[in-house]
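What TrEMBL says about this one:
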- 1-33: signal peptide (SIGNAL)
- 57-75: transmembrane segment (TRANSMEM)
- 68-513: domain 'Cation/H+ exchanger transmembrane' (DOMAIN)
- 87-104: transmembrane segment (TRANSMEM)
- 166-183: transmembrane segment (TRANSMEM)
- 195-216: transmembrane segment (TRANSMEM)
- 231-255: transmembrane segment (TRANSMEM)
- 309-336: transmembrane segment (TRANSMEM)
- 348-381: transmembrane segment (TRANSMEM)
- 428-447: transmembrane segment (TRANSMEM)
- 459-478: transmembrane segment (TRANSMEM)
- 490-512: transmembrane segment (TRANSMEM)
Amino acid sequence: MDSTCKINAAMSIWRRLSLFVLASSLCLCLCRAEDSAMENIVTEKKAEESHRQDSADLLVFILLLTLTILTIWLFKHRRCRFLHETGLAMIYGLLVGVVLRYAIHVPSDMNNVTLSCNVNASPATLLVNVSGKFYEYTLKGEISGSEINDIQDNEMLRKVTFDPEVFFNILLPPIIFHAGYSLKRRHFFRNLGSILAYAFVGTVVSCFIIGLFMYGCVLLMKQIGHLGGDFFFTDCLFFGAIVSATDPVTVLAIFNELQVDADLYALLFGESVLNDAVALVLSSSIVAYQPEGDNTHTFEAMAMLKSFGVFLGVFSGSFALGVATGVVTALISFTFTKLRELPLLETALFFLMSWSTFLLAEACGFTGVVAVLFCGMTQAHYTFNNLSPESQDRTKQLFELLNFLAENFIFSYMGLTLFTFHNHVFNPIFIVGAFLAVFLGRAANIYPLSFLNKITSNFQHMMMFAGLRGAMTFALSIRDTATYARQMMFSTTLLVVFFTVWICGGGTTPMLSCQKIRSIGPDGVEMRSTKQESAWLFRIWYNFDHNYLKPILTHSGPPLTATLPACCGPLARCLTSPQAYENEGQLKDSDSDLILNDGDISLAYGDITVSTDATGAHTSGTPVGGVAVNSDEAPDWSFPWMIRSTRCLWTPTGTRTKR
């Protein structure tokens, strides 16, 4: 009996212990579930707060652009030309940067914990074990010891600091493409020799002049103990390359408004377009300079030749890729003619093909800026003529709008960055040296080459004054700010951009008056019959383009049946579209009078040859088949050619008359 009682008592105790353990386990599980739920709630709350903060940051930039646009309207209404829209955007960015840096403070978070560990390098991703759970943290950047207590304020400022790749992959492509797509090819090719000299030879000369001068400043800083880190000669050359990229957007806008001499406009615009591309490739080549051995900053002939080869390879490859993409787009629009019936799809395809050129070049190791620039030129020359009239207007307006918004966004961000960037290095000696070096580099670029190209002195002084720095210089300098040298270059570059945009841009109108550069009327056309730059080279290209490329890639121009020899008749009929005969896609944005006034040019089409003299007048009309054509009976066309075949007479307006 006693044993039975003892057994029952033991079993009762065991049941109570089991129930207690089970209850404890349930309580523990419930506590963990509650903790997990609380962690999820906290995480979701932080994500929601971060989302609201990001929206507020973007709203700041939208309001900046809105305020800039309204002020632009006021300035244009009042006819104020002392400050351009880009200068306004920079001022508003500066004001917002001051407010964010000094007027707004975020309360510190008590949950932030600062732990120290000794590692040899900064890992890009860090896994932290917290009570058996692993959390992933990403590297945001270095902070100084004095900023550890201001983590929250730093976090807020980092929110308005964009990844540099945003500038290269999103903001730069529409700006560069618009430059090529809106290029006035007539005056560009009239001054092609001078433009190429300024863009290639001048940029390289400017880069080395600035680099050598700044290296002297660096040696001086080292001697007096004002240098806080490594600064090599290659860094000075890199600085010379990025500040050699000109962006006279302010000056060109005033030129366009005042209808200043078209050739001066073409010189400045053409130089800045190609100069940006050359400066970008040149900076990449300098970065690629790597001599063998321990000291990677000494001079070595093979390494220099390798860098020169990189320059040529990257530039030529980017050029070829851009032109090829433009030609492919022209062939697509030429082949799928039914797309003209759907302008929305046609415009969307044009937009995507143009933007993909930049990304394709970057993915292949080339330079997207060069590729998208020449893609824009090719699209304007060929693809534009295949688009429907509605798509032509849409593409022009679309890229004009994107260019305006992207450019003003970048200049607003420049002003903001002066106060939100944490690693500024301002050195008075380096800053003063940079301004002197930029002046000397610009002078070495403009005056010797202008003398060789016989540019008038007032044009030379205006081009010297108009060497503003802008979006490309800023984008190149902010792309890498990891080292002491790059941080100093970035800070100094900001000041150079501010000075040139505000002072040089604001002084454009007085400078025009001082140099007595007159306006040329509302049409913006002033021909110089004595100008002979690059005419002989362009005549060869021009004949080939209008005889063969335009008929193959567009529906405009003469059919191949009229330009190819009779023995190629079957091939010509195969490659010539019906629209070419009917001329449904007339040349809307013709650059057909690009260079005809610069000298004699002879174009042969089918069975006639029409020649022009240096003034653009008809001098002869000798037919291939032996039938004389009286050129005096022809009307005064801007492009004096016509095509006479066995069936019809082709005129430059795209109409035809039965014979």
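The backbone N, Cα and C atoms fix where each Cβ goes, and this holds for glycine too.
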Ranked first among 57-75, 348-381, 428-447, 459-478, 490-512 for CB pairs under 8 angstroms with the transmembrane segment (231-255): 459-478
Long-range Cβ neighbours of the transmembrane segment (490-512) (under 8 Å; 6 or more residues past either end): 81-84, 86-87, 90, 239, 242-243, 250-251, 254-255, 258, 260, 411, 414, 417-418, 421, 424-427, 430-431, 434-435, 438, 461-462, 465-470, 473-474, 477-478, 481
Top partner of the transmembrane segment (348-381) among 166-183, 195-216, 428-447 - counted as Cβ pairs under 8 Å: 166-183
Positions on the same chain near the transmembrane segment (309-336), where near means CB under 8 A and six or more residues out: 277-278, 281-282, 284-285, 288, 346, 349-350, 353-354, 356-357, 360-361, 364-379, 381-383, 386-387, 553-555, 577
Surrounding residues of the transmembrane segment (166-183) on its own chain - C-beta under 8 Å, 6+ positions past either end: 269-270, 272-273, 276-277, 354-355, 358-359, 362, 368-369, 372-377, 379-380, 395-396, 399-400, 402-403, 406-407, 409-410, 471-472, 474-475, 478-479
Non-local residues, at least 6 beyond the ends, that sit with Cβ under 8 Å of the transmembrane segment (195-216): 188, 233, 236-241, 243-245, 266-267, 270-271, 273-275, 277-279, 282, 430, 433-434, 436-438, 440-442, 444-446, 449, 452-453
